[in-house]
Number of protein chains: 2
Amino acid sequence: LDYQHVQVPFEITLWIMLASLAKIGFHLYNKLPSVVPESCLLIFVGLIMGGIIYGLNDRSPPVMDSDIFFLYLLPPIVLDAGYFMPSRPFFENIGTILLYAVVGTIWNVFGIGFSLYGICQVKAFRLQDVSLLHNLLFGSLIAAVDPVAVLAVFEEIHVNEKLHILVFGESLLNDAVTVVLYKLFRSFCEMPTIKSMDVFAGVGKFFVVGLGGVLVGLSFGFTAAFTTRFTKDIRVIEPLFVFLYSYLSYLTAEMFHLSGIVAIISCAMGMKRYVEANISLKSHTTVKYFMKMWSSVSDTLIFIFLGVSTIGENHEWNWPYICFTVIFCLIWRALGVLVLTFFVNRFHVNTITSKDQFIIAYGGLRGAICFSLVFLLPDFHRKKLFIAATTVVILFTVFIQGMTIRPLVDLLAVKRKRETAPTVGEQIHIRFLDHLLAGIEDISGHWGQYYWKDKLEYFNSKYLQKILLREYDQPKSSIVLLYEKLERKHAIELAQAGQLSHGPAHPSFLCSAFLCSSSDRTVIRDQKLEDTLNPDVLDNIQEILARNLYRIRRTGPAYNRHTLPGDSEPTEHAKEILILRHKSL
Amino acid sequence: LDYQHVQVPFEITLWIMLASLAKIGFHLYNKLPSVVPESCLLIFVGLIMGGIIYGLNDRSPPVMDSDIFFLYLLPPIVLDAGYFMPSRPFFENIGTILLYAVVGTIWNVFGIGFSLYGICQVKAFRLQDVSLLHNLLFGSLIAAVDPVAVLAVFEEIHVNEKLHILVFGESLLNDAVTVVLYKLFRSFCEMPTIKSMDVFAGVGKFFVVGLGGVLVGLSFGFTAAFTTRFTKDIRVIEPLFVFLYSYLSYLTAEMFHLSGIVAIISCAMGMKRYVEANISLKSHTTVKYFMKMWSSVSDTLIFIFLGVSTIGENHEWNWPYICFTVIFCLIWRALGVLVLTFFVNRFHVNTITSKDQFIIAYGGLRGAICFSLVFLLPDFHRKKLFIAATTVVILFTVFIQGMTIRPLVDLLAVKRKRETAPTVGEQIHIRFLDHLLAGIEDISGHWGQYYWKDKLEYFNSKYLQKILLREYDQPKSSIVLLYEKLERKHAIELAQAGQLSHGPAHPSFLCSAFLCSSSDRTVIRDQKLEDTLNPDVLDNIQEILARNLYRIRRTGPAYNRHTLPGDSEPTEHAKEILILRHKSL
């Protein structure tokens, strides 16, 4: 027996196997996951395993290595989150999300840090040796909402899309703030004196870390898209590029002390559209499947490890500090959400209701990121107290909040996600309104969200697509393609119903589709067939129609005041923009 | 900049990226790969990279780590080979393959070992310090044909299926022999005296290593199939089990010093059938795609590393030893193939032609396995000579033989693989003949290949399927399913040709299919549609029809002499076998 030789891969495989089998086990009994979130069950499995290891070896079980967490377990989850991010609600609420992520997190860090420092001043608690800086450092790691925990809980409770994206987007984007504040306070702890310069440098660094992450991510994303232009003859390695480039973007960002999470999300969101157009359908299935698989396994492993690492002798128990940490985490989050939402609601028509605010505040779960960060702390005499407090906060949020959030959502009758996908008609209307609003903004000289979206779309179809896509197919033919697809669908249905005639048939509908240039007929047919189409086909139809609508707006004469039909050249367009800017000033 | 923190994953990702980009690069220029095999190009890239590293650092570039090769790079390739192994030609030729793999490899080992020892006795060559045991040890590592190299070259030259499976099967199954002989001679080298007991133990060990590998593989394979019975609610982690269990089988076999290659192949071949039936279509696409992707990347990395590792100061040059190694490798392989084929041809109707024999002998390429084994040798004063000789043999076989084998195949007009897939009619005929022959063997009491195949099929449908498959669906309905599939296919064609009528149609064909119980009509329709069906559909049809034919034989009254129609109980069957055995004795 030569165990040592195969130990590393063998143990990794066994852990992954354990995680997968645990997942299967939970799903065999359907009743359990409907009451207790999977994350709680997994932590529970981890606690039992940790207990067994502790009992057998009589020493603390191995703690989840922070390097393993940040380098191998976290990236798949974030990649999956970024790749499947619903981009429309995300960009519609980007302002609010950033406000929560940046201002909210800073608010929480300082709120928790200062009030814990206040607690430390009470002599009876015997905490006077914990300095303000250490409290702020602790605040910086405990303040951030954890994307893994949020995803695990919110995926099961199906709240409405906006609420979901607000909590989830915040948990992803606060990484930049957490990274900066955590590293800032850690280096302050080690410095003899702190100059005001250092504080300003820290503020400046936040922009570098966040925007740098976006830049790194986008450049890797576009490179990935460009690479998949050339994989036509060797389809089999296409999925690899999606994973390799995203992972490289994460590692590169980490290497330069930028936000890896922000980088990998930008990379995934940047590449998705082009990569999907370039790679084959089977490659795409593989990419989607493997991403989901990997993130699901990582997620499972994280929660199991969290449970295992909880057991042991790493903790120093101090009732007041730990209890007040939990209380302050709850209070400052609630206050932060209330205050920020007050300002957000003043500038929006579609306001965030008080029920939604409650769920946002209550959904601020902490998870494995805090846990890994607290173990990365430099050794000092109160580290074990911080570890204990972090563990309690995580277990409290995941177990108590995670288990009660579903009944609360039911009780408050929070608006749920709509069960049915929007009909094609609705989608077309939304798109149409987008273009209409972009046109209105264009004319009125108000540069809002629709205007920029439209500009981006123009830039995309004019330059990016030509560089990044394999063949820039004429959108004109796509309506015909759509028609063919629907026709095929219809034929399959006829065959399944056994109503197919085999003789030579009537003059085809396809010919008439060629003759009839308007897309109205297709739209009407859509509506009829719509409930028999699956979501993938619907998405596709939506895309095609949207692109065509866009083209109509771009090429149509009625939308441009200053150009004659047919001569809307880029230079003309530039002139138009100048005139508009002049007017708006 | 914090490079050290991300170094390991970053460099791994970069190497994989380099490999993938190299692959894309070769395929961009179509002319190059048609002359030079990809493996040569990759070694060439590796040589250049090695040269650059050597030039920059002024020291030998890092050598491919044998552990990395055996634990991480080899398993994906072998898994892919085992999973996509064409099982029919493999089992038809299993005797010949085993003869080549076991006897042929032993012949080569001793042939090369003893004749090199003879060379070492020539005083002028200054090799007298290389003992017989060391020569045999060297022979044991240089004798084995390499599956990675064979696959890389033979996938490009498209020889006929039998020839391909003979060379490829040999290269896979000789692993057991190589493992035993290599470890045996290595331990002999370290022992002070060798007893005859040790030699016998070595012979016995061969069976343990080979059959143990098969056993480990099959048990993991069946466990994998059993596990996928329960993944219905959580489709997304299905592909994981295929990879995890195969990898575990490999690692477990390696742990017990069994043949990992044999284990992973048995695992893949054992699980394939059941896993495919259990998992969803998308999971299956992912499994196939990822397997191909992984093996293709591993393969690329191996050849690049081979090139990189060649550069450096690991070599001791001795002209006679190196030249004679190459010559003996060629001679002993040729002799072995000739002698063994002579015996094989005496017992087979379908003989191996002399052209085929030449290609088998010439296709005995050496590759990365030899290379890794030579670096695993214990340190002794002539190790660098062995490394040099191994490198030369690998480069000679991959470059000279690999590049000339395609022109030789053209020149000799070796029978190629048939371009078109066999028609459904042909396939049905083959299956029908199989069942007929099984029946004849059954009646005549001759227990040949068809008899055992039939018994295995019976055991499979009676027990294994019920344990391992999610729902044991009635095969009766599958012909109806097939008919529906064909009907749908036809409908799509009609729609594409624009000949679909939209009115209420004639009485359906489907109804008449229900009424007409014989499968003849379907078969006739198959033939008509056959050239419009893709290979996947064809495979499926073949499977369904084969299963139905099998059922006919099982349940039909005409084939069993001793039972009345309808009462062929297992106990009756056992009686029948007893009577047959009695007669044949």
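Note that Cβ sites are derived from N, Cα and C of the backbone, with glycine treated the same way.
Unlike curated records, TrEMBL annotations are generated automatically.
Taken from TrEMBL, the feature transmembrane segment applies to A:12-29 (among others).
The annotation domain 'Cation/H+ exchanger transmembrane' is assigned in TrEMBL to A:17-409.
Here the transmembrane segment (A:35-56) has long-range neighbours at 19, 22-23, 26, 62, 149, 152-153, 156, 300, 303-312, 395, 398-399, 402-403, 406, meaning same-chain residues at least 6 beyond its ends whose C-beta is under 8 angstroms from one of its own. Residues annotated as transmembrane segment in TrEMBL: A:35-56 (among others).
Through the fold, the transmembrane segment (A:68-85) approaches residues 147-148, 151, 168, 172, 243, 246-247, 250-251, 254, 260-261, 264-269, 272, 291-292, 294-295, 297-299, 301-302, 305, 368-369, 372 of its own chain, all at least 6 residues removed from its boundaries and within a Cβ separation under 8 Å. Residues or ranges marked as transmembrane segment by TrEMBL: A:68-85 (among others).
Look at TrEMBL and you will find A:97-120 (among others) tagged as transmembrane segment.
If you look up TrEMBL, you'll see A:132-153 (among others) marked as transmembrane segment. Sequence-remote contacts of a segment are chain residues at least 6 beyond its ends whose Cβ falls under 8 Å from one of its Cβ atoms, and for the transmembrane segment (A:132-153) they are 37-39, 74, 77-78, 81, 105, 108-114, 116-117, 120, 167-168, 170-172, 174-175, 177-178, 181-182, 184-186, 188-189, 261, 299, 302-303, 325, 329, 332, 363-370, 373-374, 377, 380, 382, 386, 389-390, 393-394, 397-398, 402, 405.
With a threshold of 8 Å between CB atoms, the same-chain residues lying at least 6 positions outside the transmembrane segment (A:165-185) that come near it are 78, 81-82, 86, 89-90, 93-94, 96-98, 100-102, 104-106, 109, 133, 136-137, 140-141, 143-147, 150-151, 154, 198, 202, 205-206, 209-210, 213, 257-262, 265, 352, 356, 359-360, 363-364, 369, 373. What TrEMBL records for A:165-185 (among others) is transmembrane segment.
The feature transmembrane segment is assigned by TrEMBL to A:206-227 (among others). Long-range neighbours of the transmembrane segment (A:206-227) within the same chain, counting only residues 6 or more positions beyond its ends whose Cβ lies under 8 Å from a Cβ of the stretch, are 102, 173, 176-177, 179-180, 241-242, 244-246, 248-249, 252-253, 256-271, 274-275, 278, 464, 467-469.
Below 8 angstroms of C-beta separation, residues 70-71, 74-75, 78-79, 81-83, 85, 147, 172-173, 175-176, 179, 183, 208-210, 212-221, 224 of the same chain, each at least six residues beyond the ends of the transmembrane segment (A:247-268), sit close to that stretch. Summarising the annotation, TrEMBL assigns transmembrane segment to A:247-268 (among others).
Annotation source TrEMBL lists transmembrane segment at A:289-307 (among others).
TrEMBL lists A:319-347 (among others) with the feature transmembrane segment.
What TrEMBL records for A:359-380 (among others) is transmembrane segment.
TrEMBL lists A:386-409 (among others) with the feature transmembrane segment.
Positions annotated as domain 'Sodium/hydrogen exchanger regulatory region' by TrEMBL: A:526-585.
Counting Cβ pairs under 8 Å to the transmembrane segment (A:97-120), the top-ranked stretch among A:12-29, A:289-307, A:319-347, A:386-409 is A:319-347. Counting only same-chain residues 6+ beyond the ends of the transmembrane segment (A:319-347), those with a CB under 8 A from a CB of the stretch are 95-96, 99-100, 103-104, 107-108, 111-112, 115-116, 119-120, 122, 125, 127, 130, 138, 142-143, 357, 360-361, 364, 366, 385, 388-389, 392-393, 396-397. Mean per-residue pLDDT, taken over the domain 'Sodium/hydrogen exchanger regulatory region' (A:526-585), amounts to 51.
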